[in-house]
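Since the structure comes first, as structure tokens, the remarks are kept for the end.
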Amino acid sequence: MSPPLPAFLLLVSIAFTSASVEPLRPGFYAETCPEAEFIVKDVMRRNMIREPRSAASVMRFQFHDCFVNGCDASMLLDDTPNMLGEKLSLSNIDSLRSYEVIDEIKEELEKVCPGMVSCADIIIMASRDAVVLSGGPDWEVKLGREDSLTASQEDADNIMPSPRANASFLIYLFERFNLSVKDMVALSGSHSIGQARCFSIVFRLYNQSGSGKPDPTIEPKYKEKLNRLCPLGGDESVTGDLDATPTIFDNRYFKDLVAGRGFLNSDQTLYTFPETKKYVTLFSKDQRAFFNAFVEGMIKMGDLQSGRPGEIRCNCRIVNSRPVDALLVS
């Protein structure tokens, strides 16, 4: 039996499936900003040369944005005196980084076609380019999103999964967004690139499920390596690679899961849970199958919209000023 869905998440799920919004489409900026996709990819390439970790960071923006009230760039908004945004939510604080990459992309776009390209679409394009530039698959993105007028730390806290999540919970969560078990496993392959903190795994190294013992599914030699990286009582901000090829987008992540070398509990559980194990096994043997499923999942996730009013922000960190705002202040 599935766990009960929090009331808030139920409302979000209903909103995504019933909202009436303008359809997204490829080539949305063909006339208004034909250089948009080239500019995004060029800035991503430059940033990845300066800081290779930016690829994984920017790619994950799509996940952290789209799951919280749809793909609307709400996660990019800074806090204000009247709004607690999503940057300090439990899943984002000390985890998400490289916001400045989106700032740089937006600045470049505003020089060429001011007020045309939304921050929400920048996230979608940059996430795709991060995958492509890391050796992963390419795909045509659908565009035409607007940017949200607000953000909510509470909403982010209520939705985004923990590194301790198990496969059963992840399946249930993804289903709320019309994403299948296969979609979920393929999208978990985003951990093919990047790193995570010791904070996320100390429990499974030393006290899995409150047992006072390590997670028995961790391969012994890999556990020794993790123990050295993340000693009990050590610096939990130290980072470790999510798979054996952390800068290359490939199917090594799934091969590592089969070998008991998953870094996060939420990753390794995909191989120990029957409903997800078959896809882990498939993707570990067939990289093309993984790439195809990943692209399908990213496109479906990119379709999530709340239907709320929006705008095209001039600065991705703040909503645009309005005459009514000035009247309220004066």
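The backbone N, Cα and C atoms fix where each Cβ goes, and this holds for glycine too.
It should be emphasised that the depicted structure is a prediction, and the values quoted were computed from it without experimental measurement.
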Whichever of Cys33, Cys66 is disulfide-bonded to Cys71 when TrEMBL is consulted: Cys66
Cα-proximity to Asp72 (Ca(2+) 1 binding site), 10 Å cut-off, over recorded positions Cys113, Pro161, Cys198, Cys230: none
Which same-chain residues, if any, lie at least 6 apart from Cys71 (disulfide bond) yet have Cβ under 8 Å of it: Gln62, Asp65, Ala120, Ile123, Ile124, Arg145, Met301, Gly302, Asp303, Leu304, Gln305
Sparsest-packed of the listed recorded positions (Pro161, Cys230) - C-beta count within 10 angstroms: Pro161
Cα within 10 Å of Cys316 (disulfide bond) - qualifying binding-site residues among Val68, Gly70, Glu86, Pro161, His191: none
Any further residue of that chain within 8 Å (Cβ to the Cβ centroid of Asp65, Val68, Gly70, Asp72, Ser74, Glu86) of the recorded Ca(2+) 1 site: His64, Cys66, Phe67, Asn69, Cys71, Ala73, Met75, Ser148, Ala151, Asp155, Ala156
